């Protein structure tokens, strides 16, 4: 690729991340998923402005109201109200903080810690590396929900506990994938060349290897994010996560399970939002993964 | 193979040992009295001092751990804090119910998932392939509890094809022996066995379907990509050149080769299945380990919680161990790769 810098034409190879982004951008479905996710994140950030009511305000005159398109629905409550007369749309919008915002934070913290440990493990060799690999293989086979349940049992159900549990549970996944990525890159010629040039280990890791494994980390981020969303929602659904008045999507679904005969509508929107969010993240991750494989095949 | 098995057995025992240390230390981390968390004997009981002596509570932590292991292997997993019943026999029954759901779910996933995946691979880039792929990606993203709710709403409430929760209608009064309802009916000597079976199956098919859905879709995707990779290999081309029919090539050459990468991922699939079972058991009120585990957290019933964690973790580790052995036995090339690192 030629870009114009000043008066000279200069050849500049695009970074691996940029090349993958171009590959990714060529696929309309992944672009659609990307924008859908962007809209959901935007709706989450703007929830205080967009939501018509407070998520905890109880309209005692309209309990179990079906959505507006139903003959018995009312236009002021577009998606109806729940068993305490709270507006479902407002609750879902505010609930995005718990069901999307907190998983995002947990994923980023886990990514930071996991990438650091994984990079260190990938750069070291011998006993400590192989012990860690075997240990991680074992930890990864245990379902993350089971580990999260144990952590909740120790500290008691609350938002803090759930955040700690989800972050801890996600770290091994990052260590595993980063370690493998560093390990494969380390044997390649450009890294050996850098080492022959006398670069220090930390320089090789930060400036030589790291740009080439960012794509792996990005894919792992999307997988971890969908795991985190589903786990937080599952804990909320089991009543062991975010506690009740908070409008978390999983908690809302658990409440609607009790009133399924009376008002099946109240499970529509929270479940749908959960589904659409996770689906767009999964499509994003899947297509990113495919784009990376395509790049590897070309190079 | 011998060398490989030895290494795996060693690794498996080390893992079990680590698991036992983990569950042992959990008893100190849970809130409350350590001995009560471990054995379910509260200080108000007469047996408290005997239990404290038996578990060497006033001795070093190593002696305590030794006694803990001795109790575990003896099958003395303490008393439930809520019902004062021994934990171990009850857990074994719940394990039966869970394993029943697990086996049926896995069976359904394999029986439907493998043919669908192969079909999608053979129709690559046709509309059938695209349909199966996009369906599997979207079902893969459905939260299992929401799907269970939708399934109950549609099949149990609207269509009335199946009861909402439970294992069997209580009027049948089947004694719980193994926990697995189909086996229990077979073991019991009631005259109306056939109708009990029909009733049990009516309760069973919906949870099985919900449990199997996500592993099924993942299986479809994995089989599809594995078959596509295999079709590019030289020995398939050679078989085609020799004039074998498509059917023979598929059954005798493509499938055996493409099972290998899928088998490697089977452990991961199994843990997805277990996660789903834990949630589905709570929704369908299935008397298995998952629902017992969740209930024990609510009730702070630590002996039951500890037993459930040990059971599920051991089950997962054992299945992974077995899959590893089968994998290496069936595909010798894997042994060297694993031996190297």
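Placement of Cβ uses the backbone N, Cα and C atoms for every residue, glycine included.
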Range among A:32-51, A:52-71 that TrEMBL annotates as transmembrane segment
A:32-51
Note: vs the transmembrane segment (A:161-178), the recorded stretch with the largest number of Cβ pairs under 8 Å from A:100-123, A:135-155, A:262-284 is A:100-123
Which range wins on Cβ pairs under 8 Å with the transmembrane segment (A:32-51): A:100-123, A:135-155, A:216-242, A:262-284?
A:262-284
